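Beneath this line is the structure, given in structure tokens, with notes to follow.
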Amino acid sequence: MNPKHWGRAVWTIIFIVLSQAGLDGNIEACKRKLYTIVSTLPCPACRRHATIAIEDNNVMSSDDLNYIYYFFIRLFNNLASDPKYAIDVTKVNPL
């Protein structure tokens, strides 16, 4: 399934989950939700790419919410189809 049809919605959910963890402080629940989202992406190639990136960057073993947050911002920026959609990390406040 083409990410063009579902990508923005999934990225919105990912950043909502991260923001919620910034409010409630439950990093473990956040990581479980994020891993569930990534491991059920409708595109097998996207699922594989995201899962490998999470594993290669030790996201699931991190207790630093901002490390996880900025990881997903970098992942989003790497996958953005057009540079105009990239997130300017200099304008992002830590959670």
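Every residue, even glycine, has its Cβ placed from backbone N, Cα and C.
Per Swiss-Prot, the stretch carrying the note transmembrane segment among 9-25, 60-76 is 9-25. Disulfide pairing as given by Swiss-Prot: among Cys30, Cys43, Cys46 connects to Cys43.
Sequence-distant contacts of the transmembrane segment (9-25) (same chain, six or more residues past either end, CB-CB distance under 8 Å): 33-34, 37, 41, 65, 68-69, 72, 76, 95. For the domain 'ERV/ALR sulfhydryl oxidase' (1-95), DSSP puts the residue distribution at 72 helix, 0 strand, 23 coil.
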